[in-house]
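Working notes, structure below.
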């Protein structure tokens, strides 16, 4: 690499978790970000995929670390490619879906108050507007994903086009 060449940037890899509970029918667990990029936007539990970790392990770990909940029946839900050039943000996020394991605590606790205002159960059909959702969740909603359907039809034809560029890249 030439001395003045910019180092090549690579997207991050994250895992987001669509958390469901039999005690809150047709609701999904949502938090509100604070103190970091995307402050004020609504988010799912989730975070970085650790080296050597499976997607399911990451979903379990992040949900426990952030909301104090144990999950069962964790499965793949979707994948999104979120790129916002003006924010220097590019993540590929694997979305997993899981149910609260009712043999443990069934209500979320805010385990990271410096990063999240609170957790609440929100009906899927009554989600905040898209512009109030953090990138991965916004892309998931734009795909037409429905956590209460078992099919993956929302991925038909998806090529990772949830991108916001200020300039065209060749």
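Positions of Cβ are set from backbone N, Cα and C atoms, glycine also.
Predicted, not measured: the structure shown is a model, and the values here were computed from it.
Cross-referencing 25-46, 47-68, 69-90 with Swiss-Prot places the feature motif 'Nudix box' at 47-68. Other C-beta atoms found within 10 angstroms of the C-beta of residue 66 (Mg(2+) binding site) number 25, with every protein chain shown included.
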